[in-house]
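Summarising the annotation, Swiss-Prot assigns transmembrane segment to 33-53, 77-98, 113-133, 178-198, 226-246, 288-308, 320-340, 347-367. The heme b b562 binding site annotation in Swiss-Prot covers H83, H182 and is backed by similarity to another entry. The annotation heme b b566 binding site is assigned in Swiss-Prot to H97, H196 on the grounds of similarity to another entry. Swiss-Prot lists H201 with the feature ubiquinone binding site.
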Amino acid sequence: MTNIRKTHPLLKIVNSSFVDLPAPSSLSSWWNFGSLLGVCLAVQILTGLFLAMHYTSDTATAFNSVAHICRDVNYGWVLRYLHANGASMFFICLYLHVGRGLYYGSYLFTETWNIGIILLFAVMATAFMGYVLPWGQMSFWGATVITNLLSAIPYIGTDLVQWIWGGFSVDKATLTRFFAFHFLLPFIVTALVMVHLLFLHETGSNNPTGIPSDPDMIPFHPYYTIKDILGFLIMLTALSTLVLFSPDLLGDPDNYMPANPLSTPPHIKPEWYFLFAYAILRSIPNKLGGVLALVLSILILAVVPLLHTSKQRSMMFRPLSQCLFWLLVAVLLTLTWIGGQPVEHPYVIIGQVASVLYFLILLIFMPLISILENYLLKW
């Protein structure tokens, strides 16, 4: 008799995605981050659901409701810090996942890659709106500064900002709608993840060599299920260590002060995972130019497949491209550092040089060095 997992209409979809899925035999730990992102999303949705049961999205009570969750709700502090630091783990896994895609040429699966970029934007929007909800100083001023950027859009900008705010400043209406969207977006993200996987399973996984692996496939279960579970354990250990030992390590102390529209914090900055984009935004002394650079810093990923000039897919056997890739990583780390610094010499010029380098590496140096490598290999 055929196994029920192969015949049942629902189970056979799960079976072909997670059990009998043919996978390349050479996948390294860099392929663990997709499943880790799935776990992060599940943790965020679950903790977020329980937080939403106690949170109130009203300017008068939002800050106090978060304090109430931490002090009075059973294990509320665990929920709150799991959710806050879970977002950090989410972005660590996201950036490593995208980096893996860039290094090993996974972007040549263009549909999967483009859905991934949409997912990245959706997760960033979700995280931004979530940061506003505790209604601390940095929540309020972060929301004010970032939404205000839309006023740089010609003609409709000002109207658009007031429409998003629901008034003439960030206030009760803004907080309520941000809560509504923050609740809704993760479910849209979940749907997009399914589309992402659908497109991935049309082509099958890439592998570290970038060479087609059709002749040498192994079943996903038990090989990669066990490997993924090890990844889960390592990530959840790291997350619980962060939550239980230094839950505020990645947060901003200003957010423990209730939002006050009459007093601006000395340094307005977003959460650490947006600092690289914030540094690029600040490096251009023009509002519209800065906003365009900010959007393009992520959207540039969409042109990477078009600029692939190498005859090889992966960077595994391309040392010159590897050097450029790690230079790009160094530039991004520099931008992250600069985003958290005040706008003064020498940070301004360092940020501007790093921003220019970021775009140059992706748009010009990578394609050129690939052409050189083809020539050196007589291809």
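Any Cβ shown, glycine's included, is placed from N, Cα and C.
Given the structure is predicted, the values throughout are model-derived calculations rather than measurements.
Of all the binding-site residues in the list H97, H196, H201, the shortest Cα-Cα distance to H182 (heme b b562 binding site) is found for H196.
Taking a C-beta cut-off of under 8 angstroms and a sequence separation of 6 or more, H97 (heme b b566 binding site) has the following same-chain neighbours: F33, G34, L37. Counting Cβ pairs closer than 8 Å and at least 6 residues apart in sequence, the transmembrane segment (226-246) and the transmembrane segment (77-98) reach three or more and so form a contact.
Same-chain residues lying 6 or more positions outside the transmembrane segment (33-53) and placing a CB less than 8 Å from one of its CB atoms are 69, 79-80, 82-83, 86-87, 89-90, 93-94, 96-97, 100, 130, 182-183, 186-187, 189-190, 193, 228, 231-232, 235-236, 239. Taking a C-beta cut-off of under 8 Å and a sequence gap of six or more, H83 (heme b b562 binding site) has these contacts in its own chain: Q44, T47, G48, L51. By the Cβ criterion (distance under 8 Å, sequence gap of 6 or more), the transmembrane segment (178-198) is counted as touching the transmembrane segment (113-133), at least 3 such pairs being found. Secondary structure at H97 (heme b b566 binding site), taken from DSSP and collapsed to helix, strand or coil, is helix.
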